[in-house]
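J.: What follows is a structure written as structure tokens; I'll ask about it next.
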Amino acid sequence: MNTLSQAIKAYNSNDYELALKLFEKSAETYGRKIVEFQIIKCKEKLSTNSYVSEDKKNSVCDSSLDIATQLLLSNVKKLTLSESEKNSLKNKWKSITGKKSENAEIRKVELVPKDFPKDLVLAPLPDHVNDFTWYKNRKKSLGIKPVNKNIGLSIIIPTFNRSRILDITLACLVNQKTNYPFEVVVADDGSKENLLTIVQKYEQKLDIKYVRQKDYGYQLCAVRNLGLRTAKYDFVSILDCDMAPQQLWVHSYLTELLEDNDIVLIGPRKYVDTHNITAEQFLNDPYLIESLPETATNNNPSITSKGNISLDWRLEHFKKTDNLRLCDSPFRYFSCGNVAFSKEWLNKVGWFDEEFNHWGGEDVEFGYRLFAKGCFFRVIDGGMAYHQEPPGKENETDREAGKSITLKIVKEKVPYIYRKLLPIEDSHIHRIPLVSIYIPAYNCANYIQRCVDSALNQTVVDLEVCICNDGSTDNTLEVINKLYGNNPRVRIMSKPNGGIASASNAAVSFAKGYYIGQLDSDDYLEPDAVELCLKEFLKDKTLACVYTTNRNVNPDGSLIANGYNWPEFSREKLTTAMIAHHFRMFTIRAWHLTDGFNEKIENAVDYDMFLKLSEVGKFKHLNKICYNRVLHGDNTSIKNLDTQKKNHFVVVNQSLNRQRVSNYNYDEFDNLDESRKYIFNKTADYQEEIDILKDIKIVQRKDAKVAISIFYPNRLDGLVKKLNNIIEYNKNVLIIVLHIDKNHLTSDIKKEILEFHNKNQINILLNNDVSYYTNNRLIKTKAHLSNMNKLRQLNLNLEYIIFDNHDSLFIKNDSYNHIKKYDIGMNFSSLTNDWINKINAHSPFKNLIKKYFNDNDLKTINMKGASQGMFIKYTLAHDIATIMKEVITLCQSTDSVPEYNTEDIWFQFALLILEKKTGHVFNKTSTLTYMPWERKLQWTNEQIESAKRGENIPVNKFIINSITL
């Protein structure tokens with residue numbers, strides 16, 4: 001291994017003294033500029049005195065080690081034990097870890113507190129751990145935008161010989177269609193062939209560099225790192241020399257990366273044979289690479305075949321997981337022959353691990369570090385590249401043999417997914433543990449041994465303990481070093497005092513595990529605490545946090561009382577009270593998706609942290625008493641109650657603000673310091689957000705006599721496009737009433753609506769009177785009735801109201817001349833058996849039908865039809881609404897909830913009642929909406945254009961459904 005590789009290995013192992021010496025030595029060989037950044041980082045680490053040199057742990061004394069550590073070292077011959085000694089230790093360990101956590105008392109509770117506002121909607125959670133769509137929307141909501149200084153793509157092409165194939169790949173890069181700048185860095189791993197000649201051939205066609213290292217054998221990671229250090233742009237791509245990119249490859253990668261620089265992009269691949277084609281042919285025909293037939297390969301040990309061609313083995317998984325969005329371990333599909341990402345991630349996770357000096361595994365290990373630090377992975381079709389198969393269909397790398405070597409390294413360094421829970425007899429100390437228990441320690445010399453020992457004496461042994469001494473003024477650090485300084489499962493750091501939040505951030509950052517457990521320095525765990533939580537994580541990879549409950553004990557361990565236990569988790573309850581008590585474990589990935597512990601507050605630090613975690617992933621609560629909370633009078637949780645209370649309400653409101661909940665404040669109910677009674681108060685600007693046109697006078701237009709009522713079910717995407725579509729085809733519209741979820745009413749959308757109003761002089765009324773927590777079978781009907789009530793308050797001179805759909809599209813001009821021929825446009829059809837069964841199960845409505853029609857046979861009554869595109873004379877609409885309100889009141893009085901879509905039947909029912917009461921049969925026709933049998937499919941642009949021309953659309957139809965606007 002060369003000096004630079006040794007330096008990187010030492011740095012990644014936290015041996016910064018050795019790393020600094022080796023980087024200084026590397027500077028003599030490679031030049032100061034190449035390693036200057038690493039030298040600075042080493043000096044920063046050393047100056048903080050926040051680590052313990054690995055040299056101090058070389059000498060292992062078995063007498064000072066916990067039992068599990070002795071057994072683990074013995075399993076791999078690093079500690080010599082006789083068989084009797086080993087059996088004795090096993091029996092002691094089983095005795096120590098044999099105690100099981102007690103069940104906590106469970107009581108029935110409301111999952112959502114009764115006083116939690118119905119219209120307070122918390123931000124959505126991701127569908128899975130790699131939900132890049134959720135993350136992108138979250139950053140947009142928080143106003144987080146990427147800051148790029150040097151936009152462009154640096155393409156790193158590692159190569160060893162294979163000049164002919166490299167020639168073709170460079171030719172395909174010449175053919176790129178993009179306005180973005182890019183450079184090519186050919187990184188040579190000591191080739192015997194003269195690659196410089198190939199590179200010089202393209203100096204006039206590409207911005208190209210050539211860097212080379214001596215042939216030390218298979219050093220793919222080292223040569224990748226060499227190329228990456230040479231890169232000048234903010235974004236980098238790694239492209240194997242045999243991967244020929246399609247023409248929009250650069251453009252596709254950069255377009256996505258500029259939108260989100262916290263994502264790794266992965267390109268799929270196809271296998272082609274180019275050995276009878278020259279680079280000049282590709283230069284002369286940019287489409288040639290994409291036109292080649294797919295072929296078979298013997299290169300990849302994991303290849304999938306279909307007939308006579310080989311397929312990218314990842315394609316099926318890409319399809320199943322929505323391009324990895326729903327994948328629990330996307331780094332396993334991070335094949336570095338064709339990827340792109342922001343260069344700043346190298347500063348966050350480090351470089352490729354140069355210990356991998358055989359084929360395979362290095363990309364998985366690097367990808368895992370990206371994943372653990374909070375990076376997202378996404379496959380894009382625009383990243384397609386064509387794998388050029390060498391003559392004979394095999395290359396010079398012995399891949400199968402290499403994989404057998406590197407897989408062992410992967411299992412040592414990638415605990416998540418690649419690690420199983422094993423009995424202690426079959427376990428050893430891994431270089432990267434599965435679990436880290438972190439302990440912030442300050443002046444706790446009297447308690448720290450019991451605390452640390454409880455973490456080491458867990459039934460799960462794939463575990464480390466990370467202790468951060470936060471500038472203790474007693475002998476805490478001395479005790480820790482004496483007891484655990486030589487323990488390979490304990491890592492110790494020390495820093496100047498900064499408070500519990502600072503120590504927690506330092507300790508979690510110091511931890512190596514994927515699953516992180518929190519333990520206060522004066523408390524201690526039950527032996528199965530980690531195992532109970534870990535099993536939940538392993539069952540459900542979408543969990544961000546698992547927590548148990550605790551008991552309060554005296555310093556001597558005697559019971560005071562069991563701790564407070566809320567038996568079931570809900571985000572709404574956590575928003576009102578800290579229910580996520582010790583013992584708590586979370587994933588390091590989830591933690592990195594937050595900004596960590598808040599070092600600006602002294603109390604409510606944990607509450608703030610777990611509110612943040614609850615915003616990025618699911619929680620699971622276990623009703624087990626796994627944690628012993630020692631009360632000795634100096635606990636931070638029972639001191640400074642006034643500050644605690646203040647910060648309690650501060651952190652909840654900060655959580656609501658992060659989730660863009662702007663209509664409520666979480667306020668204290670009384671002035672008692674020990675009280676956490678609360679009240680949700682509506683914010684002062686709440687009505688201003690909704691009634692954005694309150695200061696704008698209604699614009700009266702002589703020929704405008706139509707109102708349109710629309711219900712938006714959730715997001716307001718495409719709202720302004722919808723408004724423009726309405727007025728383009730309907731010149732007689734006076735006002736549009738939108739029932740919306742105000743949580744999606746952003747300042748940008750409000751601005752667009754105001755601009756629309758000012759430009760077109762069309763009145764817009766926003767309404768949100770109906771709670772979006774209402775049963776979804778009734779909500780749309782209530783929303784339209786509420787819209788009509790808002791209109792009535794304005795006393796407008798209207799002739800008709802149209803009930804439009806948020807995702808429909810007008811396609812023909814002048815619906816007004818059509819609808820004014822009729823009183824009402826509704827669809828009337830017979831009820832299916834499914835509808836009849838649901839109505840019969842809804843006794844209030846069934847009784848009304850019997851009352852007015854004296855007929856139990858619902859098949860004889862035609863009153864079913866989609867409400868989209870329905871229109872009614874304005875005066876009749878209010879009569880119909882009055883009847884419908886009576887139906888709703890009756891349902892509410894009996895607390896009976898319908899199981900059918902009321903908007904598709906209650907309008908028709910009310911009209912039939914009105915005709916029966918008045919004895920007048922109104923002039924009726926069908927709705928304005930055309931909904932073909934394939935209505936659940938989205939309309940294509942071609943279908944829309946065809947519909948605008950009136951092709952295949954009935955002459956009396958003016959709206960089509962459903963459109964993505």
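Heads up, the Cβ atoms here are built off N, Cα and C, so glycines get one too.
Grabbed the feature section from Swiss-Prot, which reads as follows:
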{"type": "REGION", "residues": "132-418", "note": "region 'Galactosaminyltransferase'"}
{"type": "BINDING", "residues": "P158, R162, D189, Y218, R224, D240, C241, E362, D363", "note": "UDP-N-acetyl-alpha-D-galactosamine binding site"}
{"type": "BINDING", "residues": "D242, H387", "note": "Mn(2+) 1 binding site"}
{"type": "REGION", "residues": "419-683", "note": "region 'Glucuronosyltransferase'"}
{"type": "BINDING", "residues": "Y442, D470, Q518, L519, D520, S521, H582, A604, V605", "note": "UDP-alpha-D-glucuronate binding site"}
{"type": "BINDING", "residues": "D522, H632", "note": "Mn(2+) 2 binding site"}
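I'd like to know what surrounds each of these features in this structure.
T.: Under DSSP, D189 (UDP-N-acetyl-alpha-D-galactosamine binding site) is assigned to coil, being neither helix nor strand in the three-state scheme. Just so you know, the Cβ of D189 (UDP-N-acetyl-alpha-D-galactosamine binding site) picks up 22 other Cβ atoms within 10 Å once every protein chain is counted.
D242 (Mn(2+) 1 binding site) carries neither a helix nor a strand DSSP state and counts as coil.
Neighbour density for Q518 (UDP-alpha-D-glucuronate binding site): within 10 A of its CB lie 23 other CB atoms from the protein chains shown.
Packing around H632 (Mn(2+) 2 binding site) is summarised by its Cβ count: 12 other Cβ atoms lie within 10 angstroms of its Cβ, all protein chains included. Secondary structure at H632 (Mn(2+) 2 binding site), as computed by DSSP, is coil.
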J.: Where does Y442 (UDP-alpha-D-glucuronate binding site) sit in DSSP terms: helix, strand, or coil?
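T.: DSSP assigns Y442 (UDP-alpha-D-glucuronate binding site) to coil.
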J.: Cα distance, H632 (Mn(2+) 2 binding site) to C241 (UDP-N-acetyl-alpha-D-galactosamine binding site), nearest Å?
T.: 65
J.: Looking at Cβ-Cβ distances, which residues of the chain lie under 8 angstroms from P158 (UDP-N-acetyl-alpha-D-galactosamine binding site) while being 6 or more apart from it?
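T.: In sequence order, the residues whose Cβ lies under 8 Å from that of P158 (UDP-N-acetyl-alpha-D-galactosamine binding site) (at least 6 apart) are A187, D189, L220, V223, R224, G227, I238, D240, C241.
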J.: Do me a favour and check the Cα-Cα span between D363 (UDP-N-acetyl-alpha-D-galactosamine binding site) and D242 (Mn(2+) 1 binding site); whole Å is fine.
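T.: Pair distance, Cα basis, whole Å: 17 Å.
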J.: I need the CA-to-CA distance for H387 (Mn(2+) 1 binding site) versus V605 (UDP-alpha-D-glucuronate binding site), whole Å please.
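T.: The separation of the Cα atoms works out to 52 Å.
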J.: What residues, ordered by sequence, lie under 8 A Cβ-to-Cβ from H582 (UDP-alpha-D-glucuronate binding site) and sit at least six positions away in the same chain?
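T.: When sequence neighbours closer than 6 are ignored, H582 (UDP-alpha-D-glucuronate binding site) has Q518, L519, D520, D523, Y547, T548, T549, N550, G563, C626, Y627, R629 within Cβ distance under 8 Å.
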J.: For Y442 (UDP-alpha-D-glucuronate binding site) and D522 (Mn(2+) 2 binding site), what Cα-Cα distance in Å is obtained after rounding to a whole number?
T.: 10
J.: Across all the protein chains here, work out how many other Cβ atoms are within 10 Å of the Cβ of R224 (UDP-N-acetyl-alpha-D-galactosamine binding site).
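T.: A 10 Å sphere around the Cβ of R224 (UDP-N-acetyl-alpha-D-galactosamine binding site) contains 24 other Cβ atoms.
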J.: Could you say whether, by DSSP, H582 (UDP-alpha-D-glucuronate binding site) belongs to a helix, a strand or a coil region?
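T.: DSSP call for H582 (UDP-alpha-D-glucuronate binding site): coil, neither helix nor strand.
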